[in-house]
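According to TrEMBL:
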DOMAIN    14-184  domain '3-hydroxyacyl-CoA dehydrogenase NAD binding'
DOMAIN    193-287  domain '3-hydroxyacyl-CoA dehydrogenase C-terminal'
SITE      147  site 'Important for catalytic activity'
């Protein structure tokens, strides 16, 4: 598969739509990697604050990138001017779906034809933002989610298709993200909550249920979590392999029966893809969720 390549991207800017708390941090990430940055925001105060933040912090961010931060930082109140030469546009406007739909319709017209159009939304898949872009439009192949957390404290970014995104964009954007000291993860198909927020949703849900049922207290839940997962360094998939996938399936089956849940994507998934193939985890020469150790 060929890798996407925006013409002369090194000499073209990255544009962020929205100069708020997260938008200015995303812009600072790319500035610290040596890219010119453009901010679009209708608020003069936000534009000024964004430029000030990038100017004051890009050198600190660049301690991770080992690059010379770009001093080409501009802010606009006109969308067309902000995106006219960009190779990457990242939408970080308020989480209002109608606004995002209108924004991407404008970007499909105003941005260069080789420009990657990304949304930072944590709530909406980009496939939900295509209503005003014709089904046959080429722009759909350049649209995707790029969900940032809160740099520089958290440098993870999750990339996810809109269902039409050119496959060649992902390796290109992964490499560019690494240049900016980001840690990219690619969701291999559309998923509400991407990767981490789906994990967090399950943890959050169970924590609230434990509290609601009077089983434990917040301080005890947090202390157990810190001891096992922070200090202990446990991680979910390796932990399941160490416990044994047969044991995991047995325990999960009990929850399925007690709560009246569907076991299709838990017990059924494990049996069909692992247990019936002799893959029981780290205790087994065939491995489990992870391949066998060499």
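From the backbone N, Cα and C atoms, a Cβ is placed for every residue, glycine too.
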Which value does the mean pLDDT take for the domain '3-hydroxyacyl-CoA dehydrogenase NAD binding' (14-184) in this predicted structure? 97
Reduced to three DSSP states, the domain '3-hydroxyacyl-CoA dehydrogenase C-terminal' (193-287) has 64 helix, 0 strand, 31 coil
Using a 10 Å cut-off, grab the number of neighbouring Cβ atoms around the Cβ of residue 147 (site 'Important for catalytic activity'), all chains included. 22
